[in-house]
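Undergrad: I'd like to ask some things about the structure below.
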Amino acid sequence: MTYPNLLDRFLTYVKVNTRSDEHSTTTPSTQSQVDFATNVLIPEMKRVGLQNVYYLPNGFAIGTLPANDPSLTRKIGFISHMDTADFNAEGVNPQVIENYDGGVIELGNSGFKLDPADFKSLEKYPGQTLITTDGTTLLGADDKSGIAEIMTAIEYLTAHPEIKHCEIRVGFGPDEEIGVGANKFDAEDFDVDFAYTVDGGPLGELQYETFSAAGAELHFQGRNVHPGTAKGQMVNALQLAIDFHNQLPENDRPELTEGYQGFYHLMDVTGSVEEARASYIIRDFEKDAFEARKASMQSIADKMNEELGSDRVTLNLTDQYYNMKEVIEKDMTPITIAKAVMEDLGITPIIEPIRGGTDGSKISFMGIPTPNIFAGGENMHGRFEYVSLQTMERAVDTIIGIVAYKG
């Protein structure tokens, strides 16, 4: 189905810079997210028909569409995030390519282009309307496409009371891209049976498995002396960092893994002979494998300290989120419903693990099973990001189908 306000709504959203800041100590991490929620989203939530609309100190804008059929007793939530990834988001100037011809798309005057030879996903979209960047910023389809789709679904349901639906709760939140947005989510206040994050990629994505994730911070204490007299005295902290890294499995890196394979990812190394630091992220799907990865890093640190004769390697591990499959597989109702709705709409569900996490990873462990459905974005987090308007329309169709489902 086509929705006349969907495109303009999306374009309005992406032009607002809501980039999050991982170094911030506030919630939300940037004032621009507060302003976007209070000045743009809250008024529009009220305009499209949501009731009891409010903004919480945790950065979430919340609203409710009451059920219009007493036989539909479920309460279902839909959640998308306001922030965008760590890439230039100032001056977003989207291009709208109608009836895409399947060829190369020049991204404004930036010199960058979307070429099917480089981005095979473009082969799915001839004849569709694509929204791209101008090559100088990201687009923000992750996840403003999700926000626009949820808002449009509510608008349509309000205008069409003949479509019977259950109670719907909507939540637009901050800081998903920096991994802390759901930390303060109020599950008791949201009060639904289950929810969906509308934060996926291409048409048909339906996901209920995520990585389990941890961060590892390492400190290496060296001993600096003049290199001319260093033998037997110097301990090079940078060399310790190299030695530690070289004891990790050589092929367990993001660029060499796929599917259900986990990894260690070295994110940053800084330091000198005297002192060095390294930051890793650890990812795996199965709980035992996840715990084994953390234990392996600790074992390497312990072994190095034993060989060095002092505690020169310090490891701090912090769990970040867990595979929501552990929660959702106890009651697959949200997956069963979404799958049935997609199939009724002629959409082939793509049920694959997310090689990452969503707000739903944390919210699921707060007591609200929250799988993820497609929002349409491709090549997210950079200048080559784009989205199909037709895929966004199908996401709206899916949301409407879920809340009207009577099975």
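Numbering starts at 1 and runs along the chain as displayed.
For all residues, glycine too, the Cβ spot is worked out from N, Cα and C.
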Undergrad: Could you look at His81, His245, His265 and say which one Swiss-Prot places alongside Asp142, Asp199 in the Zn(2+) 1 site?
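TA: So, going by the record in Swiss-Prot, that would be His81.
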Undergrad: Determine which residues of the same chain, besides His81, Asp142, Asp199, have their CB within 8 A of the center of the CB atoms at the recorded Zn(2+) 1 site, and list them by sequence.
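TA: For the Zn(2+) 1 site the neighbour list reads Ser80, Asp143, Gly146, Glu176, Glu177, Thr197, Val198, Thr358, Asp359, Ala375.
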Undergrad: Return only the integer: C-alpha distance in Å from Asp142 (Zn(2+) 1 binding site) to His381 (Zn(2+) 2 binding site).
TA: 7
Undergrad: Taking the Cα of His81 (Zn(2+) 1 binding site) as the centre, which of the recorded positions listed as Glu176, Glu177, His381 lie within 10 Å of it?
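TA: Among Glu176, Glu177, His381, the ones whose Cα sits within 10 Å of that of His81 (Zn(2+) 1 binding site) are Glu176, Glu177.
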Undergrad: Can you grab the distance from Glu176 (active site, proton acceptor) over to His381 (Zn(2+) 2 binding site)? Cα atoms, rounded to a whole Å.
TA: 13
